[in-house]
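Student: Below are the structure tokens for one structure; questions will follow.
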Ligand SMILES: *[C@@H]1O[C@H](CO)[C@@H](O)[C@H](O)[C@H]1NC(C)=O
Ligand SMILES: *[C@@H]1O[C@H](CO)[C@@H](O)[C@H](O)[C@H]1NC(C)=O
């Protein structure tokens, strides 16, 4: 009498386990929606989907900001799709800066592993929280708030940033304001800057109009 019950129990456990979805590795062939990518066929998933090796080398900091942000978001690191987290490497050459920016979709933790970084964020009430971080220090930036990172002096600084989303998004305020095609007259109105200043910033940041 007991045996069929025990058997049924084990069948139930096996069935339940089979129904658990352990992961949803991004199917990069499909579109990305608000909930992320759809899942790759589990039969096609390999360990490579769960490993990211793109941080071995420093990012290329030969650019206008002397800095490089190398993302390992779902698009670069399919294994994080659906898991509510991701990571990026930050390289700041001497004089480097990641200008004021936001991640609309995630809070961020920054861990400095080399050099010093002056960093902070501005709250919705326009309060400023700024600090010089050294190796080993961590700062958290609440979701959606404007923040920045500047090399604190001396040699190249390196940090890793983890995010509370596999797709945090990134909007750099300077590029949003001036690296666009919005007519200069409107940019002048919205920024309180004069025509010469707006034209100069549009030229530097790749805007037009
Ligand atoms: C991945 O799965 C599809 C079926 O969904 C199959 O046609 C394809 O051959 C698989 N690709 C690899 C690389 O295994
Ligand atoms: C870094 O970027 C600059 C500017 O795009 C480019 O000229 C240079 O070749 C790059 N260096 C490396 C090592 O890729």
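If you go along the chain as it appears here, the first residue is 1 and each next one adds 1.
Glycine is treated like the rest: Cβ placed from N, Cα and C.
Whatever TrEMBL says is automated annotation, not expert-curated.
In case it's useful when we look at the structure, here is the feature table from TrEMBL:
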- 101, 103, 108, 147: Mn(2+) binding site (BINDING)
- 103, 108: oxalate binding site (BINDING)
- 24-39: disulfide bond (DISULFID)
- 53-199: domain 'Cupin type-1' (DOMAIN)
- 1-18: signal peptide (SIGNAL)
Student: Work out how many Å separate residue 39 (disulfide bond) and residue 147 (Mn(2+) binding site) at their Cα atoms, rounded off.
Tutor: 33
Student: Any idea what DSSP makes of residue 147 (Mn(2+) binding site), helix, strand or coil?
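Tutor: In three-state terms, residue 147 (Mn(2+) binding site) counts as strand.
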Student: Count the other Cβ atoms sitting within 10 Å of the Cβ of residue 103 (Mn(2+) binding site), across every protein chain shown.
Tutor: 22
Student: Between the Cα atoms of residue 103 (Mn(2+) binding site) and residue 24 (disulfide bond), find the distance and write it as a whole number of Å.
Tutor: 23
Student: Counting only residues 6+ apart in the same chain, whose Cβ is under 8 Å from the Cβ of residue 147 (Mn(2+) binding site)?
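Tutor: Result: 100, 101, 102, 108, 119, 120, 121, 122, 141.
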Student: So for residue 24 (disulfide bond), how many other CB atoms are inside 10 Å of its CB?
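Tutor: There are 22 such Cβ atoms around residue 24 (disulfide bond).
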Student: Residue counts in helix (H, G, I), strand (E, B) and coil for the domain 'Cupin type-1' (53-199), per DSSP?
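Tutor: Tallied per class, the domain 'Cupin type-1' (53-199) gives 22 helix, 59 strand, 66 coil.
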Student: Tally every other Cβ atom lying within 10 Å of the Cβ atom of residue 101 (Mn(2+) binding site).
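Tutor: There are 19 of them.
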Student: If the Mn(2+) site is taken as the center of the Cβ atoms of 101, 103, 108, 147, which further residues of that chain fall within 8 Å of it by their Cβ?
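Tutor: Here the non-site neighbours turn out to be 102, 121, 141, 145, 146, 161, 168, 170.
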Student: Between 0 and 100, where does the mean pLDDT of the domain 'Cupin type-1' (53-199) sit?
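Tutor: Mean pLDDT for the domain 'Cupin type-1' (53-199): 97.
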Student: So how many other Cβ atoms are close to residue 108 (Mn(2+) binding site), meaning within 10 Å of its Cβ?
Tutor: 21
